[in-house]
Structure formats: structure tokens, C-alpha cells
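Colleague: Heads up, here are the entries from TrEMBL:
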type: ACT_SITE; residues: Ser126; note: active site, nucleophile
type: ACT_SITE; residues: Asp181; note: active site
type: ACT_SITE; residues: His194; note: active site, proton donor/acceptor
type: DISULFID; residues: Cys36-Cys115; note: disulfide bond
type: DISULFID; residues: Cys177-Cys184; note: disulfide bond
type: SIGNAL; residues: 1-15; note: signal peptide
Amino acid sequence: MKLLTLTSLLALTTALPLQTAATTRTELESGSSSACPKAIFIFARGSTEPGNMGGGFGVTVADALEAYYGAANVWTQGVGGAYTAGLAENLLPQGTSEAAINEAKRLFVLANTKCPNSAVVSGGYSQGSAVIAGAVPGLTAAQRNQVKGIVFFGYTRNQQNNGGVPSYPTANLRVYCAEGDLVCEGTLVITAAHFSYGDEAGGPAPQFLESKIGPK
């Protein structure tokens with residue numbers, strides 16, 4: 001059954017077109033501590049998505065944040081490296097690999113070290129939501145407090161974590177789970193609803209993060 005589910009996931013992800021071209025963003029890693037932005041956006045893509053941002057929802061959120069604050073005032077950083085967004089990692093106890101979680105954690109720590117006064121916001125889609133949900137509880141209190149807001153689309157740990165992220169304020173989290181998206185109900189069954197978050201990524205999600213970052 002698990003093999004069938006993952007095979008179905010691969011078929012769907014390859015059959016449905018991505019919303020935009022695959023994107024890699026590394027402003028946090030490449031940026032200078034002497035030119036820290038108002039906000040840093042760290043995003044983990046879904047399974048099989050290329051680049052380190054994928055081609056859909058994370059890019060849409062990043063574009064909206066940059067349109068609101070100005071591109072120079074937002075650094076966007078995808079979770080890549082040890083997070084390869086493979087399908088099989090969805091079956092692991094945390095919904096992703098420990099290496100992927102550690103890579104996301106490394107980026108949060110880097111943001112705190114390089115730009116401690118910048119607001120950090122984050123997000124994840126599908127397996128990427130499990131990556132962020134696994135990383136944030138392992139941060140120190142100071143590092144975690146810098147993370148002002150998180151948005152998840154198709155949260156694969158939604159049921160397991162009771163709709164939240166351990167050790168993180170629920171008021172700072174928005175989980176978008178469409179009706180019929182069964183990954184939000186503790187399964188790995190992929191339906192068309194799992195690919196339906198474009199409207200949320202273009203409006204409510206970045207608006208929520210903006211409310212946590214603060215005014216322009």
C-alpha cells in the first residue's frame with residue numbers, strides 16, 4: 001500500500017504542471033551581514049520539486065513579500081543541500097529525513113548569526129512542511145523567537161502534530177489544508193486538492209507573514 005501511494009504521488013507530480021519555472025534562491029547564504037534585510041524567508045519545497053524552492057507555492061509567497069517590502073528588503077532562501085525532496089523520505093518517522101531537518105535548522109541558525117535583527121519567516125509545502133516542523137523545535141529559544149511566522153501548505157504532519165509545530169506559538173502559524181487533501185489527515189494519499197494552494201500562496205499566506213514581520 002505504501003509503495004502504491006508513493007507511485008501515485010510520483011505520477012501526479014510529474015503529470016501536473018508546475019506553476020512557474022523551478023527556482024533556486026540563496027540570498028541568506030550569499031548575503032552580507034553588513035546589508036541585512038528587514039525579513040528573511042526560508043522555504044522548504046515539496047517532494048520531487050526541483051531547485052531549492054520548487055516551482056510553485058514558495059516562489060509565489062516570496063514574490064508577494066518582495067512586492068510588498070521591496071526586493072532589497074527581503075532575502076529568500078530555499079532549503080536544499082541534504083534536503084533532496086525524495087519520495088521515500090515521506091515514510092520516515094518524522095515525515096522526512098533527519099539530514100533534511102538539520103539542513104533547515106542550519107539555515108535558521110545562520111539567519112540568527114548573520115542577521116539577528118532581521119525578522120525570519122518560513123514556510124513549507126507537503127514534505128517541506130515536515131522539514132520546517134522538524135527543524136524549529138530544535139532551535140534555541142533566541143533562534144526560535146526570531147521566527148515570527150510560518151505558513152504551511154498541505155501539511156503532512158498536520159494530524160500527527162495536532163495542527164501545530166512543537167514548541168512554537170500557534171498564533172504565529174497558519175496551516176492551509178484544502179478540503180480533500182488527505183495528507184492533512186495523516187495519510188500519504190495524494191489527491192488533486194494537494195496541488196490547489198495557489199490562491200492561498202498569493203494572498204492570505206504572505207499577508208499573514210507580513211502581519212508578523214511588521215510595516216514597510
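Cβ coordinates are placed from backbone N, Cα and C, and glycine is handled just like the others.
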Colleague: Run through the Cβ atoms and count how many others sit within 10 Å of the one on Cys184 (disulfide bond).
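Modeller: Cβ-Cβ neighbours of Cys184 (disulfide bond) within 10 Å number 24.
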Colleague: Among the recorded positions Cys36, Cys115, Cys184, His194, whose Cα is within 10 A of the Cα of the residue listed as 'active site, nucleophile'?
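Modeller: Final answer, ordered: Cys184, His194.
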Colleague: Can you tell me which recorded positions out of Cys36, Cys115, His194 are within 10 A of Cys177 (disulfide bond) by Cα, answering none if there aren't any?
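Modeller: Matched recorded positions: His194, sequence order.
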Colleague: Which residues of the same chain, at least 6 positions away in sequence, have a Cβ lying under 8 Å from the Cβ of Cys115 (disulfide bond)?
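Modeller: Within the chain, Cys115 (disulfide bond) has Cβ neighbours under 8 Å at Gly31, Ser33, Cys36, Pro37, Ile40, Trp75.
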Colleague: With H, G and I counted as helix, E and B as strand and the rest as coil, say where DSSP puts Cys36 (disulfide bond).
Modeller: coil
Colleague: Between Asp181 (active site) and the residue listed as 'active site, proton donor/acceptor', what C-alpha distance do you get in Å?
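Modeller: The residue listed as 'active site, proton donor/acceptor' has its Cα 5 Å from the Cα of Asp181 (active site).
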Colleague: State the Cα to Cα distance, in Å, between Cys184 (disulfide bond) and His194 (active site, proton donor/acceptor), rounded to an integer.
Modeller: 9
Colleague: Which of the three DSSP states, helix, strand or coil, fits Cys115 (disulfide bond)?
Modeller: coil
